[in-house]
Amino acid sequence: MAAAASELLTGWCLFGLALLAILIFCWVYVRKYQSRRESEVISTITAIFALAVALISSALLPVDIFLVSYMKNQNGTFKDWADANVSRQIEDTVLYGYYTLYSIILFCVFLWIPFVYFYYEEKEEDDGNTCSQVKTALKYTLGFLTICAVLLLIGAFVPLDIPNKKNSTEWEKVKLLFEEFGSSHGLTALSFSISSLTVIGMLAAITYTAYGMSALPLNLIKGTTSAAYERLENTEDIEEVEQRMLRIKSKCRDGRPLSSRDRRTVQQLEERLRTLRRRERHLESIEKSWWAKFCEAIRPLKIVWGVFFIVVALLFTVSLFLSNLDKALHSAGFDSGFIILGTNLTNPLNMLLPVLQTVFPLDYILITTIVMYFIFTSMAGIRNMGIWFFWIRLYKIRRGKTRPQALLFLCMILLLIVLHTSYMIYSLAPQYVMYGSQKYLVQSNKTADGQPGNVTTFVSKDCDADAPEDQCIVTRTYLFLHKFWFFSAVYYFGNWAFIGVFLIGLIVSCCKGKKSVIEGEVDEDDSDMSDDELSVYYR
């Protein structure tokens, strides 16, 4: 008991350090991208808090897997302190952790972030009294609260009973797991609301994460163009634009006015010239900055990381494809949400995790790395693409120039993607997400050498769907993911879309050339005041 308490205390200390690291990272990330001229205290705090909640929520899956595995020894027996009551308490603690964080996510998505967003939208349009801005923001936020209330009501009364498919043994076991999970209408309502948001997170993952998984590694491998070379090209462009303006203006030297077409051309050339001169200032600052020299020095390391990331992305894609193919071939079909217990077609990740289980804690490090990889590739995808609503580009994510509303959108998208991350991990390694590294004892009859008759022995076996219910504990993550079969069916088709978008993004990223060293830093709609922030980043 003392050893177990010591290990748990160490675990809580590590969790505290991880929480501190997450808060520091969120503060640095938000401060890095937010606009210095438009930054607001409330929007900054909201963005940091929402991003921290997203990252903390992503840590639930590794913790859940660790706890169910920690209660059993490697030989398949339960530890001395892990009796039925302790096991149930640990399971309930994990479950309450899920519902607490997911309730906070609902609060952020349907109340806090929309209110702060509409408040600053009104502040830009009307610099009047604060009371009017708050009233207008509350009016629009009420629409989000109505959607949340509708989802909760539907979730409280939606039927969970699904017709059996010809006495499917797998489906009967899934129903038993659902009954174990509980039948509280309040928790069911919360589960339905979170699952609905997870579908939106799936769409965001298909759009941003799939593209980020291809764009991030290839950008690291390709690198950026030289600042000196870009500056030389930019100087030539400036000279060309100035000469064109002089040729057009020379038409009116005899006193004749310019035609309307020539005036429009001159205005366009003047705007182009302002943009080129801003580019010139940015390129000059980068050329002199110590940060650019440091990035150039670690270029080989970036290539190594890029190769590693693309290998990991291909590993994920192959594993996801084989897992989905397994569901297509061996599941009970659409009516069961394509749920299968166990693995019929193995995949690279499912093969790797059992090997890593033999050396603690390599398997948990891998799962945590996978979760964080999804988060950072999502960030890269959003940063490269910007924030879109169908074909309309709403905001750009740029270092030091991101508006408060864009940061709020970024954090909301990440919150939704994190909700879908758990199902993505389950799709990659279904057996491991269900049981972790648990083993159970199986009776085996062997003939002893030189002795008549059989000798009864017990051998350990990895937990699977055939294990007795009292010998293997299913993670709360798995039960939560499959509480509603129709969402599981949607996730199944979403995985195919994710694979398709990743392959398309990989082809597009391979065909594109090197990025500009000031990619996204200078746009025609920027004001000259934006150059005042150059000294913050390029020194």
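Glycine too: its Cβ is placed from the backbone N, Cα and C atoms.
Annotated features, as they stand in TrEMBL:
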COILED    259-286  coiled coil
TRANSMEM  12-30  transmembrane segment
TRANSMEM  42-63  transmembrane segment
TRANSMEM  96-120  transmembrane segment
TRANSMEM  140-160  transmembrane segment
TRANSMEM  187-211  transmembrane segment
TRANSMEM  303-322  transmembrane segment
TRANSMEM  364-394  transmembrane segment
TRANSMEM  406-426  transmembrane segment
TRANSMEM  484-508  transmembrane segment
Touch test for the transmembrane segment (42-63) and the transmembrane segment (484-508), at least 3 Cβ pairs under 8 Å: no
Annotated stretches the transmembrane segment (484-508) and the transmembrane segment (364-394) touching (3 or more Cβ pairs under 8 Å): no
Distant-in-sequence neighbours of the transmembrane segment (187-211), which means Cβ under 8 A and at least six residues beyond its ends: 99, 102-103, 105-106, 109, 148, 151-156, 158, 160, 374, 377-378, 381-382, 384-385, 388, 413, 415-421, 423-424, 480, 483-484, 487, 490-491, 494, 497-499, 501-502, 505
Local confidence of the coiled coil (259-286) - pLDDT mean: 82
Spatial neighbours of the transmembrane segment (406-426) far in sequence, C-beta under 8 Å, 6+ residues away: 30, 33-34, 43-44, 46-47, 50-51, 53-55, 57-58, 60-61, 102, 105, 108-109, 113, 116-117, 194, 197-198, 200-202, 204-205, 208-209, 320, 367, 370-371, 374-375, 378-379, 382, 387, 394-397, 433-434, 477-478, 480-481, 491, 495, 498
